[in-house]
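Here is the structure we will look at.
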Amino acid sequence: MSPTPSTNEENKLPLNGRRAIPPDYSNGEENEVPELEAFGLVPRGFNPRDYLRVVDIYMFKEPYEINKQEHHTDKYYNPRLIVRRGQAFQIRIDFNRPYQPGTDQFWLEYLMGRYPQRNKGTYIPIPVGNELKPGQWGAKIIHRENNSIRLSIMSSTICIIGKFRMYVAVQTPYGILRTRRNSATDTYILFNPWCQLDAVYLDDEKEREEYVLNDVGIIFHGSAEDITSRSWSYGQFEENILDACLFLMDKAELELSGRGNPIKICRVASAVINSRDENGVLVGSWDNKYDYGVAPSAWTGSVDILLEYYSSKQPVRYGQCWVFAGVFNTFLRCLGIPGRLVTNYSSAHDNNGNLRVDFFLDEEGKVDPKLTRESLWNYHCWNEAWMTRPDLPVGFGGWQVLDATPQETSDGMYRCGPASVQAIKHGHVCFQFDAPFVYAEVNSDIFFTRIQKNGTQVVEGINTTHVGQLIVTKEVGGDGMMNITEEYKFPEGSEEERLALETAVMYGVKKQSVQDTTYQSQTDVVMDFQAQKAVLGSDFKVTTTFTNKSYNTYTITAYLSGNIVFYTGVPKKEFKTHSFSAKLEPLASKSFDVVIKSSEYMNDLLEQASFHFFVTARINETGKILALQKAVRLEIPTLRIKTKGEMVAGKETSVVVEFTNPLKQTLENVTLRLEGLGVLRTITKQFGRIPMNSTLTWEVKFTPMRPGLQKLIASLSSDALKHVYGELNVQIQKP
């Protein structure tokens, strides 16, 4: 059997007192492999042509051929062979004469990186044997005809993921003859959710089709009371996306030998998808200013972002949580790791890890923005990836939380996960990685704390059910929503929930119990707050209702504060204040309406049309304070997409995108974006302005590429209005 191919490179390696061979971080770099590796002096009459020689290698790499069909890789827009590990694939070798098993000896070699080594899994010699063993590298001849043989090759189930170079080596008495470097025989090896021995094995075919093969998804946003959704093109099979995803691991400097482990891959990816540490893929921006870049709301998919990063090697501007999560999902599915995008409504960003989000009130019961440092996101998107966790006790495999949105550092870098969903549910937050942070995002309590003049803190209200009240993802095989809250937490108030919390506290999560605070809940008067559903640009009313459940008569003094907020819950501006007082008769209810005019909010409105309303009320007779906060989101109008005539693959057709400006102002700097996987490449068009009440019409001519059911996704972005989407399912006919 051959030694590792020696190269001139190795003779010139930089001296290093600690290691003989430098670390290998790049899947793209190569070493030179000699075509003739002599065993010493070669006699003068030696002619390589006298021995068995490879004339051609046929890879069966077309989408309709056996390899890509059986390995579920026929959708990749890539001319090379792409297979999944732990599953046999076939190649044909044509020699210069018939192969003679008794005397001829040859083997295959798979190499990766600049310094291939056998013990690192980057140099893999494969002898031809009589049988294939499951989960282990091997090759056997399954057909011989004339000068050709057909081989079945099995890869290891713990094999490195990436692009391998392939050589065929033939033994002669005087040396080893190798095939010349030929990029056409390069072989990509990916994770295999269809293989029981793979760490990412998923046993349900419908789930594999959704979480690995579906290239369009749904992202849920809005608020728990007003859920909205939009489509996102993951595009994991598009041209150059596989190479771009492999490049991310090079960028993160994940050593090649670690790339067979989905835990390591996901951990480094959660850091490299944001730009905070190593100039990763996306620059996050939450300040409503998107100069020199694309507004996060304008993206319609991951492909443009990944391709721009792969070609420029510079971070792409800009992303917010759903953009980070959309790109991460493309990365996972592209490499063969089952992945899904998850939305957590009322997500706590608990800066000091004490499982409480504090809203501080001043003496009069108004929220004090200077003291209130923690935020409650209307929603937050992250990812889940499916894998075993051999590094944790049994039972913590399955779905793992990953989050590439840069929020807090973990081991010195902006990254989060993988954290076992099962461990979060049961409070086992001691298990790596970053489980306490995720636990707080879904389990924190909201405290309304009044600061008295002498500095003492009085807790006036606690809400234990608001945070993480709804956790959702797209349903399998459809565009609907699947509620997965119960995978993260036990029912509120149940014995199991209390036990999980006690476990989390035992493992170091800081939790101030209600008994530690000077808090007596007040049950005489109940306050409720509702907002009328309204379209952006119109007036709407909000209603506060007080119900007196006692036999006493009370008078109350109430204060309403309306704030324009980022979807992260951080306030930009208080735009509405309203004080009122009332007399509450025994066992009676009373409602108060406040009208919010469009002129009050339009000038300062942020792109997701989100408000937070705080209502605080003091019962004058008892001094008790009632407090609640509610997120309200206005309905944003949609784009209309219409087709003109039928759509046939390879034949020019057109669609029309329409939008009517609903605002009482002209929209400036309007940009439209349209994309559809298999239908058309992303097209963007700038429109100067759309006057109020007028309609913009944009006709786009294109030639659909692939037949089948496809989705067109459009977005509109402007100075005053963003988060405007439209979509249309189109059936592309075969020519």
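Using N, Cα and C of the backbone, Cβ positions are placed for all residues, glycine too.
Bear in mind that TrEMBL entries carry predicted annotations, made automatically and left uncurated.
Residues or ranges marked as active site by TrEMBL: C321, H380, D403. Among the features that TrEMBL reports, Ca(2+) binding site is placed at N443, D445, E492, E497. Among the features that TrEMBL reports, domain 'Transglutaminase-like' is placed at 313-406. TrEMBL lists 1-26 with the feature region 'Disordered'.
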Ask   = Between the recorded positions C321, D403, N443, D445, E497, which lies closest to H380 (active site), Cα to Cα?
value = C321
Remark   = For the domain 'Transglutaminase-like' (313-406), the DSSP helix/strand/coil residue counts are 15 helix, 40 strand, 39 coil
Request  = For the recorded Ca(2+) site, whose residues are N443, D445, E492, E497, find every other residue on that chain with a C-beta no more than 8 angstroms from the centre of their C-beta atoms, and list them by sequence position.
outcome  = T464, T465, V467, G468, K489, L501
Remark   = In the domain 'Transglutaminase-like' (313-406), averaged pLDDT is 90
Key: For the binding-site residues D445, E492, E497, the one whose C-beta sees the most other C-beta atoms within 10 angstroms   = D445
Integer Å distance between the CA atoms belonging to D403 (active site) and E497 (Ca(2+) binding site) = 24
Ask   = Quick one: Cα separation, D403 (active site) versus E492 (Ca(2+) binding site), in Å?
value = 25
CB within-chain contacts under 8 A for C321 (active site), separation at least 6 = W377, Y379, H380, C381, W382, T405
Query = Which of these recorded positions has the least crowded Cβ, counting other Cβ atoms within 10 Å: H380, D403, N443?
reply = N443
